[in-house]
Amino acid sequence: MSTQSQKLLLVILAFCWIYIRKFQSRQESEVVSTITAICALAIALITSALLPVDIFLVSFMKYPNGTYKEWAANNETRSQMEDTVLYGYYTLYSIILFCVFLWIPFVYFYYEERDDNNENKCSQVKNALKYTIGFAIVCVVLLLIGRPVVFLFEVKLESLANGTPDSPPTDGLPALSFSISSLTLIGMLAVITYTAYGMSVLPLNLIKGTRSVLYERLENTEDIEDVEHQIEKLKSKCKDGRPLSSRDRNNLQELEGRLQVLQRRGRHLEIAERNCCTKVGRALRPLKIILGVFFILVALLFTIALFISNLDKALHSAGISSGFIVFGTNLTNPLNELLLALQPVFPLDYILITVITMYFVLTSMAGIRHMGIWFFWIRLYKIRPQRTRPQALLFLCMILLLIVLHTSYMIYSLAPQYVMYGSQKYVTPVPSSGPTLGNSTASTARTCDAEAPQDQCTVTRSYLFLHKFWFFSTIYYFGNWAFIVAFLIGLVVSCCRGKKSVIEGEVEADDSDMSDDEYVH
């Protein structure tokens, strides 16, 4: 491993450690769940970085004039590099399978089975293994049915367009491909739910900022006085010895619970007013507004590019039977054109595609942070700073792993031509207009597209992997439409909501979702 790779890995691990520690409950933290969450989050980030590497490698094989570099002129050398990237995908995806079906479920149930005394470790392991077997059975079933399904649903690319190579033989890997594609469907649902909302709530929260601490303290003090007055009014009914009615007792219990929450809010607001981070946040307010405006413009650009790409597929693809695959671009896609325009200035296009990839990951994390963990209409956990239970963090990391699987298809939808060929160009002959000797011709370099000769342009392994099954590609296509609708709904909801509290998520009245109790500073 090179020095640069080691530094990058250390940066990723440091970020994961800081992020998990920021939200982790200080009262219920455990070494095993913490290490699992950090490693799973790191795997998600490393996997998301593989697509930019894939695009860079196919582009690095050629000079800007469209000719192959000396080391890549041999077909065998190019095939070895392509296979290396392909097996890199399979290795990381295999690790994700292991995390989703074995590692994370085992740690989750191991923690769930922990008793108050925390003495019977053997019983914990036994019960955790018992529940994890169910996930393992699902994984085995997907692997077993993968190979037969390949012969029914695998896309034969060479039959759909001239000059586009079919995927290389995988020698037993179709089962893994089918399993990963099945998980990607779940990742698609997570992207529609969390990423779409995160793309709207993150920039708008930066633009709107938080409420004034002084105003919140004043408002909270007035609420405390009002509740205390209502409590005294109810208690005055029983001064003569008469018992309170059941209705009054219930109201008194609710008011006392609300008073406790308000008093906790008051203590946290007092701490926030003295906190230096709050003062720094106020000083950086202009920068936050600029970042918020930038992020919302990026989100709108992505939505427009995704709409144009889907419209292109609807108008020019071969339909459902091909998975709505389109070779080349028939409609002008702004993001695809921007990436192609940045190609001459190395390495701006690679930086942009990396930023796009990380943007999806960060907005997904923001969406999960604000929405919490849901199972259909039931909220399971909230993600709260220093109060998130270990089970919630494990769920968060599992969702991120699934989202990363679908991120590659989302980025392909945003910039199809660039994700397919990168910055490659190929040499094409052009008839000479001046006086020539015999039939001599000139040549020019053109950007690789679907019309390029097969031996002149190399397709990224990500593209071949994404379109291995037409059935999944069709579902991903309709998922993109659902993503656009979800983003627009989230944008409207985020615009209608007011400013968030400066102690957002620190104190909440409803802890019935198994959220952590208050952390005593």
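Keep in mind that glycine also has a Cβ here, set from the backbone N, Cα and C atoms.
The feature transmembrane segment is assigned by TrEMBL to 35-61 (among others).
Annotation source TrEMBL lists transmembrane segment at 87-111 (among others).
According to TrEMBL, the feature transmembrane segment maps to 131-153 (among others).
The transmembrane segment annotation in TrEMBL covers 173-197 (among others). With a cut-off of 8 Å between Cβ atoms, the residues of this chain six or more beyond the transmembrane segment (173-197) that come close are 90, 93-94, 96-97, 100, 139, 142-147, 149-150, 154, 360, 363-364, 367-368, 370-371, 374, 399, 402-407, 409-410, 465, 468-469, 472, 475-476, 479, 482-483, 486-487, 490, 493-494.
Per TrEMBL, the feature coiled coil maps to 217-272.
Feature annotation from TrEMBL assigns transmembrane segment to 289-308 (among others). Within the chain, the transmembrane segment (289-308) has long-range Cβ neighbours (under 8 A, six or more residues past its boundaries) at 199-200, 202-207, 209, 331-336, 356, 359, 363, 410, 413-415, 480, 483-484, 487-488.
The transmembrane segment feature in TrEMBL is assigned to 350-380 (among others). Residues of the same chain lying 6 or more positions beyond the ends of the transmembrane segment (350-380) and with a Cβ under 8 Å from any Cβ of it are 19, 23, 44-45, 48-49, 51-52, 55-56, 190-191, 193-199, 201-202, 298-299, 302, 338-339, 342, 392, 395-396, 399-400, 403-404, 407, 410-411, 414-415, 418, 513-514.
Marked as transmembrane segment by TrEMBL: 392-412 (among others).
The transmembrane segment annotation in TrEMBL covers 469-493 (among others).
Residues of the same chain lying 6 or more positions beyond the ends of the transmembrane segment (87-111) and with a Cβ under 8 Å from any Cβ of it are 30, 32-33, 36, 40, 43, 46-47, 50, 53-54, 124-125, 127-129, 131-132, 135-136, 138-139, 173, 176, 179-180, 183, 390-391, 394-395, 397-398, 401-402, 404-405, 461-462, 465.
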